[in-house]
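According to Swiss-Prot, the features are:
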type	residues	note
BINDING	66, 67, 68, 69, 81, 104, 105, 106, 246, 268, 269, 270, 302	L-cysteinyl-5'-AMP binding site
BINDING	66, 250, 275	Zn(2+) binding site
MOTIF	68-78	motif ''HIGH' region'
MOTIF	206-211	motif ''ERGGDP' region'
MOTIF	308-312	motif ''KMSKS' region'
């Protein structure tokens, strides 16, 4: 049966879903101040490569980051992830690149359906509510938005097309009406996460796979198309009514908006396997082009009470909750920026007061009529961020400038620079995304 929503753009009365999409809206793009000079090429830890390397990028960089499954509010682990790709964008733009950025929303999936049933709410209403909250959180944190923010529901037609291609290429098979992808069809399977077979099986079972299902050719074979079940949303397709598997959703959306090969695939480190491994395998077999992504940039996990923040465990701190308690969004952003994106860390209650104190010092420093030369701090912030997104190092550089500016007071020294406060404010805004407010004209 087709999805029951009369407004669903991916659910016509009959036939395959169309590929003309009704675009989901992202959030506002904050203004980026223009800085003197230009940044340098980005070096970053590439999971598939196994080390930090300088990315070989053209004038236009194609970035894809996996988005939320909207059944709960944005927690700080989510915020830390999307802050990472915000920094990637800022560094690339400062280096003179154009960035084409796509992010999906998994707005139909088992956890969403289960939560909607538990709470007695229509799954579409739940998704809309949480997507709206996510947008508000991203806006408050000044996260640079994607050019295309794409829900799975609106992209079902694209996904059906890719699954059909995989069927035609002999890379798919049926198990009791469900379609599975054969990992044997992907020569490079395993080259993203570099796990051994035993590790793959464990990760597959922990992250949405079904390695123990009878009838599968390989326990690691991922689901492409889930046949219609009673009470679940479904869409028509050449292989029967149903809904997409998780991994192929991103493969199809990325191909439609960015092409067969993208430059950077992003997401939390828990997505490296099986999600990014399988998405790459689907895309490479369907497209006949390898690799799917030239680099994989993964963000470390954030813990609370000794465990990774997890919706299933419930040990979460939400952005919206911090905002409701009166936290300055810029302080929340600073609390996240003080951690390197590749290092797992623990959220504590002390994080916000420390970030608020830092924010106050920076705002006081840029409010002075003059300050130390801006050129060293601008160069250092650029260098730190271009070197594997070293946000803690960039913050330390601004700390040093602010301390020197405040120590000098109103700038009576002959070495003081009238332009420094405004330029440092713009540096922090453009590269770190932290709003320090306007710098008052001299003499006010």
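Any Cβ shown, glycine's included, is placed from N, Cα and C.
Across the structure, residue 66 (L-cysteinyl-5'-AMP binding site) and residue 250 (Zn(2+) binding site) place their CA atoms 7 angstrom apart. Recorded residues residue 105 (L-cysteinyl-5'-AMP binding site) and residue 250 (Zn(2+) binding site) have their alpha carbons 9 Å apart, per Cα-Cα distance. Residue pair residue 246 (L-cysteinyl-5'-AMP binding site) / residue 275 (Zn(2+) binding site) shows a Cα separation of 8 Å.
Counted within 10 Å of its Cβ, the other Cβ atoms near residue 269 (L-cysteinyl-5'-AMP binding site) come to 17, all protein chains included. Residue counts for the motif ''HIGH' region' (68-78) by DSSP state, with H, G and I taken as helix and E and B as strand, are 3 helix, 1 strand, 7 coil.
When the binding-site residues 68, 105 are compared by the number of other C-beta atoms lying within 10 angstroms of their own C-beta, 68 comes out lowest. In terms of DSSP helix, strand and coil, the motif ''KMSKS' region' (308-312) has 0 helix, 1 strand, 4 coil. Counting every protein chain shown, the Cβ of residue 250 (Zn(2+) binding site) has 32 other Cβ atoms within 10 Å. Using the Cβ center of 66, 250, 275 for Zn(2+), the list of other same-chain residues with Cβ within 8 Å runs, in sequence order, 104, 246, 247, 249, 265, 267, 271, 276, 279. The average per-residue pLDDT of the prediction over the motif ''KMSKS' region' (308-312) is 82, rounded to a whole number. Taking a C-beta cut-off of under 8 angstroms and a sequence separation of 6 or more, residue 302 (L-cysteinyl-5'-AMP binding site) has the following same-chain neighbours: 76, 77, 80, 308, 309, 344, 345, 346, 347.
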